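Quick notes on the structure that follows.
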Amino acid sequence: LPGARSNVAGAMLMEQATAYADVTSYNNFYEFGTDKSDPARTAGSLKPRPWTVMVDGEVRQPRRFDLDELLKLAPMEERVYRLRCVEGWSMVIPWVGWSLAELLKKVEPTGNAKFVEFTTLADRAQMPGLRSGVLDWPYREGLRLDEAMHPLTLLAFGLYGEVLPNQNGAPLRLVVPWKYGFKSAKSIVRIRLVEKQPLSSWEQAAPQEYGFYSNVNPQVDHPRWSQASERRIGEAQGLFAKKRPTLMFNGYEAQVGQLYAGLDLRKHY
Amino acid sequence: MNRWLLHPLAKPVVWLLLGLPAASLVWAALYGGLGPNPAEALIRSLGDWTLRGLCLTLAITPLRQLTGWSGLARFRRNVGVATFVYATLHWSAYAWLDMEWALDALLKDIGKRPFILVGTAAWLALLPLAATSFNAAVRWMGGRAWRDLHKLTYVIGPVALLHFWWMRAGKNNLLEPAIYALVIGGLLAARRWRA
């Protein structure tokens, strides 16, 4: 799945990318188990084709998109983003996809559309992790419409120039680089534009720990651990690699800081 | 069996066996066998081996009583000391690789995460046991006082288990802690039942 270099500001990070083997073997994708080594082992049962995505809600042109249609909807771009997990580790990943805004514009949001809700596939036959009660399935995430329309917000279909491996959220997933990784829903089957702020699965499970915004912020700790630093996966020094200081908005403050002007980030964590 | 347990070579063999997990972890660390997040893998493996060591320590007396292999008793302290070594490596790996020995960060983390506090407490409680693990200490303290002090193990087991349980509770991934709970609970109950 080739993609042209992206021209979006901030999209081409000049940092050493995390090895493909690490990106595809160390994953949080609870539908395939809660251990980070589970998805690479068990996601073979996911069938990424045929696949459709329903885009509806507060839009003038609600419709179901077929995967092949989505693959041609906009030119594929390669974007190298930081990924910061809420657990305190990070990667650098070359994704392939296009800005979510392209899709949203196609369905013409109405004046009532204020938020976007993403729903992940929840099929027990394909996803062994659904037997566990760790979250209320299907997995749901949400963004404010202006966040969803931001050019950095990516609908990804591939990584490292290849089609997304199942464990990374095949056949299509969200990538919101300035938010903790769990905001980037995987294996999306529905995108719904709504008027009221949607409730995400993590907010529902532990509201005091996971807020709607979940912007990467070294100054606001998770209630159970510090968010001031992170461990970059696959660093050359291996075991003895120093942790890195976590950057405000994961280093995308120049691009997205204005979205949150005047918002109390301590309250809206 | 007792003849083998009392063999002069039995002690070195037991030490060798107790050192095997550590050796395999060093091997894995040197040859990239710890996976994408080697620090996390090392800390967690050392924790697993500490728990297994605790189970083994607690198992020796019930096993001796069950089988009549009295020779097992001579390895109880070795297994206990090895468990302490794994616990120390586990805590040090956390303090070094996760906290980079920054005292303020360490204290803050211990205050913030109850499972770290509980785990640290369990490790600290092992210190007096390790410090009195020498023959001279047994003589100096007297057998009864020594045995009473070392009954602390019956508390440390459940506390270490609570540490593991709490750590896994974040993801509701409680199968392994439940297995350890059954083992440790069973071994403590065996004493109760015997008494």
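Just so you know, the numbers here start at 1 and follow the chain as drawn.
Glycine too: its Cβ is placed from the backbone N, Cα and C atoms.
Here TrEMBL flags B:12-34 (among others) as transmembrane segment.
Annotation source TrEMBL lists transmembrane segment at B:49-67 (among others).
Residues annotated as domain 'Ferric oxidoreductase' in TrEMBL: B:54-156. Model confidence over the domain 'Ferric oxidoreductase' (B:54-156) is summarised by a mean pLDDT of 95.
If you look up TrEMBL, you'll see B:79-97 (among others) marked as transmembrane segment.
Listed by sequence, the residues of this chain that lie at least six past the ends of the transmembrane segment (B:117-137) yet keep a Cβ under 8 A from its Cβ atoms are 47, 77, 80-81, 83-84, 87-88, 90-91, 110-111, 146, 149-150, 152-153, 155-156, 159-160, 162-163, 166-167. The feature transmembrane segment is assigned by TrEMBL to B:117-137 (among others).
Residues of the domain 'Ferric oxidoreductase' (B:54-156) grouped by DSSP class, helix first, strand second and coil last, total 90 helix, 0 strand, 13 coil.
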